[in-house]
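One structure is given below, encoded as structure tokens.
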Amino acid sequence: MSHDYHLAPLANPIHREGPVVLLILDGYGIGKNEAKENPIVAANPVVINELVHQAKEHHLYTRLKAHGPAVGLPSESDMGNSEVGHNAFGCGQIYSQGTKLVDESFASGVIFRTPQWHQVVAETAAHNGTLHMFGLLSDGNIHSHMNQIFKLLDGAVESGIHKIRMHVLLDGRDVSPTSGLVYINQLEEKLAKLREHNVDARIATGGGRMYVTMDRYGSDWKMVQRGWELMVHGVVMPEDVTSEYSGYFRSATEAIELGRRLWPAKQDQYNPPFVVVDEAGQPIGRMQDGDAVINWNFRGDRAVQITQTFTAPDAEFTHFARGAMPRLTYAGLLEYDTEVHIPRLFLVPPPEIHHTMGQYLCASGVTSYAVAETHKYGHVTFFWNGNKSGCIDEHLEQYDCVESLPNAQTESHPEMKAPEVTDKLVEAIRSGRFRFVRCNLANPDMVGHTGNFQSCVRAVQCMNQCVERVAREVEARGGILIITADHGNVEIKDNKGSKTSHTCAPVDFAVRDFAYHGEYTLLPEGQPTADADGLGAGLSNVAATVMNMLGFEAPAVYRKSLYVPAH
Ligand SMILES: O=C(O)[C@H](O)COP(=O)(O)O
Ligand SMILES: [Mn+2]
Ligand SMILES: [Mn+2]
């Protein structure tokens, strides 16, 4: 039987003139009350603080868990991230996320019994080819994990593959900013062991993830081109070659150490690209007809473009000239886009997210609006809608995207495009056309990833101005404003720039209802929710809560609402 998406009305619904506006301050976690380590405290965002204060006074405040099992990740030590956070907001449930599904597939051995795995192995063997593997080299567990990379290597060797080339993207964004060599050393050790068993396994190319390969939402295809040239053609693009930095080295370590000496302030995420060459100066990992390629990242947003580059036919690929295309078998660790099916070949099926809030609201005739800048546009649309792009119902929904500045300008322009996103948001609220409005402001996260304390302070000050404008408009319309976040990031930094990653911090959930007459409160902080899993209030409890505010019963499959009617 098909699922009924009509929401039942709440027994005593509240009625508000204006919309319910959910403002996600991306990466704005709750940290220590210390100005020297918390840019939020240093910035003193009086409007946001006052909003939180008022919400607490009216019992319209709680804290939400935004990491670990509360968002479908394997353990309490897993920090939250935008994908799992926005999935949880948008679907009101907790699904086992990609990394967990991959771990489970390794544990059961299923991954190596799939026809897809056999295809990769068979194609490589049939052409006496090389298996190339690439992706983010760290244990950040947001896009990839070292343990999974090692298990793939073991599986390949057990399946009889005898030549492997690794193309590594240094992280420094989900792990500490210059930890790259730690992971390189671990990998080199592993590859040396494989070589002892007559497997020709080596690191062939590399570069920083935010300079090479891992673009998202089409914001900078040049990054993807750099990665393509490195991995496929064994070429460092001319703009990255100087008299001091040739781009071609005998090992990854040699390349990284030279980069560190030349640019001591550069973080791994921006590490210059390099190609490893043999004694004759020839790249050791250029891709050839009959080779196979595995992308070991499990998260989709930053894996889609490089995957398209590997797999799209000429007629469909317009982003740059790919040059001679070897015939390759390409597989993703996961399917990165479940709608367009990118890639066709993948080793572990991704989470299938059903019953999203958008499906229910559309079926119930609720109008909604979503806006963000490019860096986060897919978060508030694609991830929000259970990894589906586009509107669910174009008559009821409008999604807007404000074009981001290039990544490299985030640190020097910490306001990013927040003022422009706020313009759109305010306009949407003012239009009176939408009952539910959601917006992601990217700054606390994107600037947080630079690690620059002063930029973070400016980002938070900018957030404060944006929130002030939004609050004024929501007040004028007689609506409800909710401030929350998808995970922590900006709330802990230092003056050395050594903290660039997300955190396991909880986040605020603060409601400012401009026509409030005490009709409801929120379940107080620390109080168990009505959910059987005992996980406590988390991001996945937001959807049911918002549905109640919009005057509907939440679906039975959802985690429970935090909305507590007064009577
Ligand atoms: O991809 C990134 O930028 C980081 O690895 C994670 O950040 P996000 O989860 O906030 O997008
Ligand atoms: Mn985020
Ligand atoms: Mn982030």
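Keep in mind that glycine also has a Cβ here, set from the backbone N, Cα and C atoms.
Residues or ranges marked as active site, phosphoserine intermediate in TrEMBL: SER82. Cβ environment of SER82 (active site, phosphoserine intermediate): ASP26, LYS376, HIS379, PHE383, ASP445, ASP486, HIS487 lie under 8 Å away, each six or more residues apart in the same chain.
Feature annotation from TrEMBL assigns Mn(2+) 2 binding site to ASP26, SER82, ASP486, HIS487. In this view, ASP486 (Mn(2+) 2 binding site) is surrounded by 33 other Cβ atoms within 10 Å of its Cβ, with every protein chain counted.
Sequence-distant neighbours of HIS143 (substrate binding site) (same chain, 6+ residues apart, CB-CB distance under 8 A): GLY135, LEU136, ASP174, MET214, ASN297, PHE298, ARG299, ARG302, ALA303. The feature substrate binding site is assigned by TrEMBL to HIS143, ARG173, ASP174, ARG209, ARG216, ARG299, GLY300, ASP301, ARG302, LYS376.
In sequence order, GLY27, MET79, GLY80, ASN81, ILE142, ASP174, ASP445, GLY448, HIS487, GLY488, ASN489 are the residues near HIS502 (Mn(2+) 1 binding site), counting only same-chain partners six or more apart with C-beta under 8 A. Positions annotated as Mn(2+) 1 binding site by TrEMBL: ASP445, HIS449, HIS502.
The average pLDDT the prediction assigns to the domain 'Metalloenzyme' (19-553) is 98. Annotated domain 'Metalloenzyme' per TrEMBL: 19-553, in sequence order.
Annotation source TrEMBL lists domain 'BPG-independent PGAM N-terminal' at 102-337.
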### Task
Taking the Cβ of ASP174 (substrate binding site) as the centre, count every other Cβ atom within 10 Å, in any protein chain shown.
21
### Message
Using CB atoms and a 10 A radius, I'd like the single residue among the binding-site residues ASP26, ASP445 with the highest neighbour count.
### Response
ASP445
### Same chain, 6+ residues apart, C-beta under 8 Å of the C-beta of GLY300 (substrate binding site), given in sequence order
GLU83, GLY98, LEU334, GLU335, TYR336, ASP337, ILE342, PRO350, ASN387
### Query
At its widest, how many Å does the recorded substrate site span between Cα atoms of HIS143, ARG173, ASP174, ARG209, ARG216, ARG299, GLY300, ASP301, ARG302, LYS376?
17
### Message
Long-range neighbours only, meaning 6 or more apart in sequence with Cβ under 8 Å: which ones does ARG216 (substrate binding site) have?
### Response
ASP301, ARG302, VAL304, GLN305, HIS375, GLY378
### Message
Around the C-beta of HIS487 (Mn(2+) 2 binding site), how many further C-beta atoms are within 10 angstroms, looking at every protein chain?
### Response
28
## Note on the structure
Other C-beta atoms within 10 angstroms of the C-beta of HIS449 (Mn(2+) 1 binding site) total 26
